[in-house]
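> To start, I am sharing the structure in question, which I have written as structure tokens.
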Amino acid sequence: MAKQYFFGLTGHKLRTAQLWAVIMPAFILFGYNQAVAGGLLGLPTWIATFPRIDTSTGNAALNTHNSRIQGAVVALYTLGAMFGALSCIPLGDRLGRLRMMQLGSAVHIVGSILQASSFSLGQLIVGRLIAGLGFGALSATAPNWQSECSLAQHRGATVIMESVFISLGLAIAAWVTLGTSFIASSASWRFPLALSSLWAIITIITSAMMPESPRWLLKRGRVEDARQVMAALNGIQPEDPQIQADIDEINQSLRVAGNARFVDIFKMGELRLFNRAALACAGQMFQQLTGINALAFYLATIFHTYLGLTGFQAGIVAASTFTFQMVCSPIGVLTVDRFGRRKLMMVSAFGMGACMAIVAGTTSQTNNKAASGVAGAMIFLFSLFFPVGFLGMTFLYASEIAPNTVRVQITSLSTATAWVFNFMVALVTPVGFATIGWRYFIVWACMNWFLLLPCVYFFFPETAGRHLEEVDEIFRNSKNIFDPVKQARYFVPHRPFESEEAGSDNVVREKVAMKYDEQ
């Protein structure tokens with residue numbers, strides 16, 4: 001009989017509980033922290049406490065100077081998150097997925113308390129760094145745990161649900177900061193900053209009742225523990241032949257990869273580890289180069305400055321935009337396994353580029369209400385395209401593209417890459433708007449059209465429906481950086497536990513291989 005977890009749930013019910021009880025609060029926290037600071041920057045009590053980041057002084061030179069400080073303070077959270085993600089490289093495989101998530105959540109709680117109790121800019125900075133450090137570890141680990149516990153045929157939809165939760169966090173932050181803006185005291189900004197600790201507390205409590213990743217357990221040689229977890233996740237008995245077949249497949253993958261070290265991901269080797277690490281990091285970098293955080297951090301400011309809305313109106317529209325993004329996020333969940341990762345990323349990049357180009361053109365027309373209306377509509381439309389192809393997708397893709405032996409190292413490095421570029425975007429965005437104005441949107445249009453779209457087309461192989469171990473074979477059969485796309489297109493797996501009844505499938509496999517060889 002399989003060991004019981006989370007109130008005795010097994011099979012689909014247990015996997016659903018993992019999603020809603022652990023992943024949901026973890027990624028609500030992600031979105032919440034991305035948007036909460038942007039909703040506080042214009043509050044009178046915030047400015048009174050931190051006057052050095054006031055960008056509405058009436059003095060152009062002082063505003064530019066303060067905008068640099070403001071960008072740095074907002075971005076320091078992401079800098080801490082980068083170091084938190086990198087901390088998973090030495091600690092992730094040592095502590096395991098669950099304990100790493102719990103540690104990250106606990107550190108984040110300390111940081112949120114420091115921020116909420118700040119009376120000086122220095123304390124706020126330290127609090128943001130510590131909060132980021134904790135969440136960086138959580139954000140690098142949670143997608144791995146979720147992916148390694150998911151079934152191959154449902155992994156895409158399950159992991160991409162992160163985009164829904166991130167969008168929900170963005171919306172919650174926007175509405176909370178809008179609501180507390182009516183409070184005359186410093187509670188108007190202290191309460192929203194303190195509230196982030198709630199999601200971290202929930203994550204700690206619920207993860208303590210969940211099973212560890214079976215792939216991590218097998219990597220540590222804990223075969224019987226892994227058998228119990230796999231039986232619980234599949235809703236079958238530990239003695240079922242399917243469990244042993246899955247264990248054999250994972251162990252075979254571990255034997256082929258050997259005892260890979262962190263430095264090995266910078267070498268190509270038989271499994272093309274450097275190629276795969278580069279793809280994982282590029283995907284996370286692309287998420288930031290869509291321009292999403294230029295909007296997420298400063299959306300209310302954009303509506304106020306470029307569309308001429310009052311502060312309250314800008315807050316309402318910003319919160320509505322994030323809510324619209326949350327409503328649109330399930331589109332990715334429903335289509336990611338049907339249409340695959342590549343198609344959604346390419347459609348998303350094209351759509352976001354078009355939206356940014358139109359926003360640039362319309363915001364260049366000052367005192368034009370019709371143009372402002374179109375710009376607002378395009379920002380809403382951007383919020384439809386982004387979660388479909390690049391919100392949760394990059395976390396999913398990084399965890400799928402990495403082999404089991406160095407999955408923590410590659411996904412940690414890729415998540416750190418996301419936070420580095422997140423930091424850069426948050427840092428330069430206030431200066432970008434202050435110096436080149438509406439032309440700043442053109443930068444993001446070019447990024448989407450001329451960087452993201454062609455790179456995904458030429459270099460990113462499809463991983464939909466593949467067992468994580470089958471991705472190893474795709475790369476093992478590749479000869480150069482362009483080859484994985486072709487290999488994935490024509491690949492049919494040779495699974496070690498296939499029965500002899502699958503003879504007709506073997507014929508198809510041979511024809512597919514011949515077709516690929518002719519390319």
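In case you wondered, yes, glycine gets a Cβ from its N, Cα and C as well.
According to TrEMBL, the record shows the following:
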{"type": "DOMAIN", "residues": "19-464", "note": "domain 'Major facilitator superfamily (MFS) profile'"}
{"type": "TRANSMEM", "residues": "21-49", "note": "transmembrane segment"}
{"type": "TRANSMEM", "residues": "69-89", "note": "transmembrane segment"}
{"type": "TRANSMEM", "residues": "157-177", "note": "transmembrane segment"}
{"type": "TRANSMEM", "residues": "189-210", "note": "transmembrane segment"}
{"type": "TRANSMEM", "residues": "277-300", "note": "transmembrane segment"}
{"type": "TRANSMEM", "residues": "312-332", "note": "transmembrane segment"}
{"type": "TRANSMEM", "residues": "344-362", "note": "transmembrane segment"}
{"type": "TRANSMEM", "residues": "374-398", "note": "transmembrane segment"}
{"type": "TRANSMEM", "residues": "410-434", "note": "transmembrane segment"}
{"type": "TRANSMEM", "residues": "440-460", "note": "transmembrane segment"}
> Can you find at least 3 Cβ pairs under 8 Å between the transmembrane segment (440-460) and the transmembrane segment (312-332), where each pair is 6 or more residues apart in sequence?
no
> Per the definition of 3+ C-beta pairs under 8 A with sequence separation of 6 or more, do the transmembrane segment (312-332) and the transmembrane segment (69-89) touch?
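Contact criterion not met.
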> Verify whether three or more Cβ pairs under 8 angstroms connect the transmembrane segment (189-210) with the transmembrane segment (157-177), leaving out any pair fewer than 6 apart in sequence.
yes
> Excluding the flanking five residues on each side, which residues at least 6 beyond the ends of the transmembrane segment (189-210) place their CB within less than 8 Å of a CB in that stretch?
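Distant contacts of the transmembrane segment (189-210): 5-7, 17-18, 21-22, 25-26, 28-29, 32-33, 36, 39-40, 43, 45-46, 49, 98, 101-102, 105-106, 108-109, 112-113, 115-117, 131, 134-135, 138, 169, 173, 176-177, 180, 183.
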> Counting only residues 6 or more past its boundaries, what in the same chain has a CB within less than 8 Å of a CB in the transmembrane segment (374-398)?
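For the transmembrane segment (374-398), the list is 27, 139, 143, 147, 155-156, 159-164, 166-167, 279-281, 283-284, 286-287, 290-292, 295, 299, 302-303, 306-307, 317, 321-322, 324-325, 328-329, 331-332, 335-336, 341, 344-349, 351-352, 355-356, 358-359, 362-363, 410-411, 414-415, 418, 460, 463.
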> For the transmembrane segment (21-49), could you work out the same-chain residues 6 or more beyond its ends whose Cβ comes under 8 Å from its Cβ atoms?
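Here the qualifying positions are 6, 55-56, 70, 74, 77, 101, 105, 108, 118-119, 131, 135, 138-139, 142, 146, 161-162, 165-174, 176-178, 181, 184-186, 188-189, 192-193, 195-196, 199-200, 202-203, 206-207, 210, 293, 296-301, 304, 311, 315, 318, 322, 392.
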